[in-house]
């Protein structure tokens, strides 16, 4: 963090990291399912009701895309995020080095104040996907940011030799990218300290599907793990982590669990960086497959929502776009899927998570697999609705509690946000 105290003074903000309680901090909700789908038109325009709350799904008021439970800040909604368009057009300077940090933060502060009500206690998700803040992470289509940074260094340092210019390009990019991301998080946390702030798709894992079934393990790529370790400053500035568990279109079902498991385990690994208590992890999941538009099946819900709950995540955010509410027919399809498949499963998992928390963790922690390799053991109620046996689960205690079953009060370690 480079300037949080100065920033607070300039903007008239009292830095109060850790004040208040977020909606995810109540022990009665060890696992939450949140709705990040703009479905308001279903009821308002087409008269199709979507009874989300009755199904255990937390939505913004009126089922709007941005609201008190979840708000996403896309690249054009927060400050002056720099990126290069498809034809190389530079937006906001194109690269982090070209953005005046003070102007970016001032504009971001204005937009945060306009977007979030005072006392906001939901998820504040920054969706900046155009470039990686580490030089080595900009490969493939992102190589253009290396080239643009080198061109910038040649212009700023014309008298240096090419190797020195390349060094200046790398260092300049990484320092500016860090300041942009880190200070934006600290700004958000200063303005809305009750919210949970973090970047979508971070940490990365690199375990995507490349069409080779024989040797797919689901493990995160070694280079991605190394980069995540370098990004310790990002985890320290965050108050939540939002990894993506969108199932790759052609990933065989037999590999779904490994894909999700290792992405979440990497999030749990970095969640302790710079914090006295692990950050809450909330995975982003889709309602449908990207390629076909088909809704996730019951088994696929188990391998996404169910695995997330069993691993000890704080919750899952279900994402969708306007296509779900684009017509009355689409709304009824969504309605039927909610009542017939998604809703009953969410009710089962969230109630099971509460039951396990109370039976095994004194209601002061959430249950998590003792052995993540137990492929068939989930936080599910019995077919008759009664609680299951939770011997396969251990406890992850909430802040302020300790012990094997979270039975021992523990003094607060500091003013950091935790769950």
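Glycine is no exception: its Cβ is also placed from the backbone N, Cα and C atoms.
A TrEMBL annotation is a machine prediction, not a hand-curated record.
What TrEMBL records for this protein:
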- 129: active site, proton donor (ACT_SITE)
- 42-331: disulfide bond (DISULFID)
- 205-220: disulfide bond (DISULFID)
- 356-367: disulfide bond (DISULFID)
- 361-395: disulfide bond (DISULFID)
- 397-406: disulfide bond (DISULFID)
- 395-406: domain 'EGF-like' (DOMAIN)
- 348: N-linked glycosylation site (CARBOHYD)
- 1-18: signal peptide (SIGNAL)
Please list residues from the chain of residue 395 (disulfide bond) whose Cβ is under 8 angstroms from its Cβ, counting only those at least six apart in sequence.
360, 361, 365, 366, 367, 368, 404, 405, 406
To see if you understand the setup: which same-chain residues, six or more apart in sequence, place their Cβ under 8 Å from that of residue 331 (disulfide bond)?
39, 41, 42, 46, 48, 50, 324, 325
Between the disulfide-bonded residues 42, 205, 220, 406, where is the Cβ count within 10 Å the lowest?
220
Can you tell me how far the Cα of residue 220 (disulfide bond) sits from the Cα of residue 397 (disulfide bond), in Å?
26
Going by C-alpha positions, which of the recorded positions (129, 348, 356, 397) is nearest residue 205 (disulfide bond)?
129
Using a 10 Å radius around each Cβ and counting other Cβ atoms from all shown chains, which of the disulfide-bonded residues 356, 367, 397 yields the largest count?
367
To the nearest whole angstrom, state the Cα distance for the pair the residue listed as 'active site, proton donor' and residue 356 (disulfide bond).
37
Sort the residues of the domain 'EGF-like' (395-406) into helix, strand and coil with DSSP and give the three counts.
0 helix, 5 strand, 7 coil
I'd like the number of other C-beta atoms within 10 A of the C-beta of the residue listed as 'active site, proton donor', please.
15
Return only the integer: C-alpha distance in Å from the residue listed as 'N-linked glycosylation site' to residue 397 (disulfide bond).
22
For the residue listed as 'active site, proton donor', what is the secondary structure state per DSSP, taken as helix, strand or coil?
coil
Hey, how far is residue 397 (disulfide bond) from residue 356 (disulfide bond), Cα to Cα, in Å?
13
Taking DSSP three-state, what's residue 367 (disulfide bond) in: helix, strand or coil?
strand
